[in-house]
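A.B. asks: Got these off Swiss-Prot a minute ago, pasting:
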COMPBIAS  472-520  compositional bias 'Polar residues'
COMPBIAS  525-549  compositional bias 'Low complexity'
COMPBIAS  550-568  compositional bias 'Pro residues'
COMPBIAS  743-752  compositional bias 'Low complexity'
COMPBIAS  759-791  compositional bias 'Low complexity'
DOMAIN    226-451  domain 'Rho-GAP'
REGION    472-572  region 'Disordered'
REGION    741-799  region 'Disordered'
SITE      Arg263  site 'Arginine finger'
Amino acid sequence: MNIKSLRKKNIQNMDQEEVYNRIKENVAHMDEIQRTMEKQQQTFFQMSLQSKQIAESMKKYSMDAAYFNSRIPITDCLSRASEWQNSISEVFNHLGNLLYDRTTQPLKQTISIQLEMVKEGKKKLKNLSTDTSKSSSANLKKDTEAFERTQKETLQLYNDSELALENSTVQTILSSFESYNDFFQRGVFQMSKIKSDIDNYKKIILETNKVAAKLRNYVPKKTFGIKLEEVFARESNKPLPSFLDEIFRYLEKESINTEGMFRVSAGKSSLEALQQKIESGAPLELSASIIDPHCVSSVLKLFLRSLPEPLVLYNVYSKYLTVAKNNNNNNNNNNNNISNSSSNLNIVGSSGNNNSGGGSGGTIITELRRLISTLPVCNQALLKQILLICSLMNQHRDVTKMDLTNLSVVIGPSILEPIPNLKAEDIQRPETFADFNSLFCLLVEHVLTIFPQVSQTSMDMASLPTTIGKLRSQSDISSQTKPLPSLPTSPQNRSAIITGDSSSPSLNTPPVKSSLNSSDFVIVDNGSNNNNNNNTTNTITNNGIADTATPPPPTTPTAPTTPPPPTTPTSNNIATPIININIPNSSNNNNNNNTKRINNKSNLKVDDYLTPIDMQIYYINISSNLGRIKSYVDDIETVNQGIGLIKLFKKISDDHMAPIKNILNYKFKTEKPPMSNDEDKVLRIKRTLFYTYEITMELISHANNTFESSSIEEPTELSKKLEESFKQLDTILTDELSNIEKQQQQQQQQTNDGGGSGISSNTNTSISGDNSENGDSLNSSTSNQSPLNSSILTQLSNQ
């Protein structure tokens, strides 16, 4: 071998070594990437497994939570979350499989194949080089040519392998990012499906917590300066909050023996100490701890003044000031007849001569009842107790030195909102407050007649915000006149009136009721009274209809069971002997103008306020289940499967969607998709089903919005029908999906045994034979279907 050949050989060897070394470097980097990706891939598989474990834990929790007595839909939420977690598991598992198929395995195989080829080429070249060096001179030329040819081939092999490794590296990296892109797209798709459910669950929990916060009993952080409804709501199982009940029991005993109650102020330190005790929620124990009775009356006045709104607003009582003014004019001429008139009061339109001085009492009572009926229930309850205490103090005014005039000055402004926009000169005039004070005096005088004489043992409704507001009914008098008890002169008598204790010999009151009804509070007709009709009286029969009564015969009042307290013929005398007034049964006369109907509102219960939460649960379930049915549309492969889902939508539409549409008189806004006869039948079925899903959700959303805009306090027939329709639709969808899942399991088993596959509804088993026959049979009934079905079936007429 000459020098030139050896030099050329060395150069080629150097090129081969350089390429070989580069290949080894490429392989090292690629191997590192491949190993790291394999670890990441295993992590994704592990995350998929962990997600499945989380889903199983949630499912177990949801099954156990079904036995919990919770208003929060924890069972349904956990069940749905388990499904979401399984979806996430599938997404991670899918990513791991993509990385395995597109990245780690191809890269690993490329490294193995190319590295093996390079090593084989190098080994072959090395063996040939050794044989050439040992060959004889006769074969040297031939061996040299063979070696050079192999050397070129090996170099070309190295170059090809290097290029293959580089291409594989780039393609693998790009494929990995395509896998990530697919992963994130699937994640976004899954999250978009559950995002609305998540928002709805948040809304339900928020609404539930709001209701729970208003309904539950809790230790208040503040009592003074907040709404009276909130104070009553804290102890909804009691007629009065505990601190108010203790205060009134104490005042009942002490006010009749204490001079200047409500007028004399208490010391600042003792007043603040009692206020702080009330704020803390601790028992007051007034009889044992209070030395100064004026401290108790002062803290009651402080509580009343600190209310955001007075018990009676000016715009409420201002229209009744004329009643007080007219009463003052009548009293000037009828002072000597007050005792007789109070004994002969016939509430709301009595028989007798209404033009006389005593006859005006019926009108006064009616107007005062109407005034009280405009107040919220808790305002009525508190006002009654205050007026009873004032009435007691007035009865014992010789000791208390507090007659009605004094009481109207010191306590009236704490109950009735002061007259607004008074000028300085008006305040100095006594006549400015004459009607104001007279109205307060009338309320105290007639406290036992303007308030019902049944117990108020439960203030459940007071805890319900907004609805306790104006509990009214349209009536003037009760179905039978109750005896009027004398004013209580002892705690026992007052207690008997408040609790309805029939054991008291001086009272004839109904037994205590177990729950709060509208009859426990003042219920007055807002219509006008005909004071000139002297021959009729309005009474309420058992069926709730006020009929025109014939003039009652003269009655003789029975002797009172207990003697009334001593009275003097003054305008402040409110003592009333117990009498029994016998009123004959009224005759029915529907054409008389005095005929009135009572439209009593049924009491709202806690469940009435939780109805919107139940509706939100129904709405979430319906939306979710319809979405699951929609997901089956993607898997339709045959016309029969599509017709199976169409029949399912048809059943839902006929039985549930069409009634809702008729209830709302709703017209769909979503336009029908254009259809072409040239399109594939399965594709047309899918498009039709997607459109059906969209208009179904459109109607459901509109119905839900309509329900949310309705009033809880006054539920309409529309809202009741929507609630019932949603409940039934939720049940039928759950049952249908359960049937579909069972059929899927059966079909999967048949597939494993060599049978068919596919997705259909529970009606799909009855669909067989020629597709056109199915289409014809469906089209033949199009004209009799609801608009929702017609939109589906009409577009399949060419199948």
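Using the three backbone atoms N, Cα and C, a Cβ is placed for every residue, glycine included.
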A.B. asks: Specify the count of other C-beta atoms within 10 Å of the C-beta of Arg263 (site 'Arginine finger').
C.D. replies: 16
A.B. asks: With DSSP as the yardstick, break the compositional bias 'Low complexity' (743-752) down into helix, strand and coil residue counts.
C.D. replies: 10 helix, 0 strand, 0 coil
A.B. asks: Restricting to the domain 'Rho-GAP' (226-451), report the mean pLDDT as a whole number.
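C.D. replies: Summing pLDDT over the domain 'Rho-GAP' (226-451) and dividing by its length gives 76.
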